[in-house]
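Quick look at what TrEMBL annotates:
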DOMAIN    96-183  domain 'Phosphagen kinase N-terminal'
DOMAIN    210-452  domain 'Phosphagen kinase C-terminal'
BINDING   213-217, His276, Arg321, 377-381, 405-410  ATP binding site
Amino acid sequence: MCKDVFPVCVSPSILTPLRLLRSFHQRLFITCPTLIVGIIRFIKHQNRDKNTKMASSFSRILTTRQKICLLSAVGGSATAGFLLHREHVGAGAPVRRSYPASAEYPDLRKHNNCMASHLTPAIYAKLVDKATPNGYTLDLAIQTGVDNPGHPFIKTVGMVAGDEESYEVFADLLDPIIKERHNGYNPNTMKHPTDLDSSKIHSGNFDPRYVLSSRVRTGRSIRGLSLPPACTRAERREVERVVVDALAGLKDDLAGKYYSLTVMTDAEQQQLIDDHFLFDKPVSPLLTCSGMARDWPDARGIWHNNEKTFLVWVNEEDHTRVISMEKGGNMKRVFERFCNGLKEVERLIQERGWEFMWNEKLGYILTCPSNLGTGLRAGVHVKLPLMSRDPRLSKILDNLRLQKRGTGGVDTAAVGGTYDISNLDRLGLSEVQLVQTVIDGVNYLIECEKRLEKGQDIKVPPPPHKLFK
């Protein structure tokens, strides 16, 4: 039994139902888990009656995490999932402090990240004593941005979410961060589109002399379980159990195997390294300061299909990272596999009584606000040796809504003029729109490279119309 199921201090109005639970728990509830579900359903029904104060108080003390501990203990994870993924919970209990908010306010004078740009003493004072139902606080959310001031020319987000409710409880800070990071998208007035119909993609087969490989990836989070910065060991293991169980149901060209980081053999580990599939323990301060490397490698792993073209990372930066990839330039085929595989994984997750975090304003919910919406990154490794020396490249990429990095990932340099080029946007545009943007943009870059090879001039494309005003 989870120790925090029952609070140490309770009000007199809820002593009776608490005593009932304690009195009958071992004799009756262990053999009848559905009774607990019934009691909580009854309490939630009673909450509709504003005059029923005792039931309302009792319901509030059982937070989301406490309910899953209670239900898992007496009815198994399936019973817990049955309730958790269907309920919506507001803010948790207020945080108790010994010092005023003004004394706790972080020193952000030398910081260059989105959090530091929008956090004010007034917003901090308003939010610092709030917590999500899982106990995630503002200070926990912004710690990575406080500990990592950033680079004068590279502006990071500086804040992460600990659970789905973080985006509601800390909206006064997160909404302006989202608006800045996502090109003016306003979550209060806009709705995010989703489109996984790969038949709408035009072209998408790049010149193989320039494009070495293509991939599309996204993240997905399991509703009712805390995100990696805040999850307990039990929650992280539950994510792994739910996801691996669902992946076992994939068939045909999607069928594959799961490799747990804790029990894989030396041969399996070496093969995953050779395939460039294995993800390492996070060493970036941006990730470690947000708590994502805790208990490593417990409940982390990699699943891939037999053809090694469809992968799922479990419990890295998000609950899951879903990846479709292959060598060469057939982005259309990569995206088709991505859409089919992702929809099948979601169907299998739902069959088991769970669902992904999603809402119409923010799209799919992920740990970092930069990945909200589609969470999608469509990228290619493309050889642009002449373009890499052209001072106009950065401006061209900005106007095409693309970004570049080295083929080794974030903060790595290009080698031999080979870049990893991907979409800049995530939120407010659909998956189809973003992949088409990459296809059109990479084709433009390749055409520029060909013109430079012939000694011809290139043009900077006009900037796009502002997507969100």
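Glycine too: its Cβ is placed from the backbone N, Cα and C atoms.
TrEMBL does not curate its annotations; it predicts them automatically.
Owing to the predicted nature of the structure, the values given are computational and were not obtained by experimental measurement.
Under a cutoff of 8 A between CB atoms, and with a sequence separation of 6+ in the same chain, the neighbours of Gly379 (ATP binding site) are Ser214, Arg215, Val216, Asp420, Ile421, Ser422, Asn423, Val438. Val216 (ATP binding site) has a Cβ environment of 27 other Cβ atoms inside 10 Å.
One residue stands out among the binding-site residues Ser213, Arg321, Arg405 for having the most other Cβ atoms within 10 Å of its Cβ: Arg321. DSSP classifies Gly379 (ATP binding site) as strand under the three-state reduction.
Assigned with DSSP, the residues of the domain 'Phosphagen kinase N-terminal' (96-183) fall into helix, strand and coil as follows: 41 helix, 6 strand, 41 coil.
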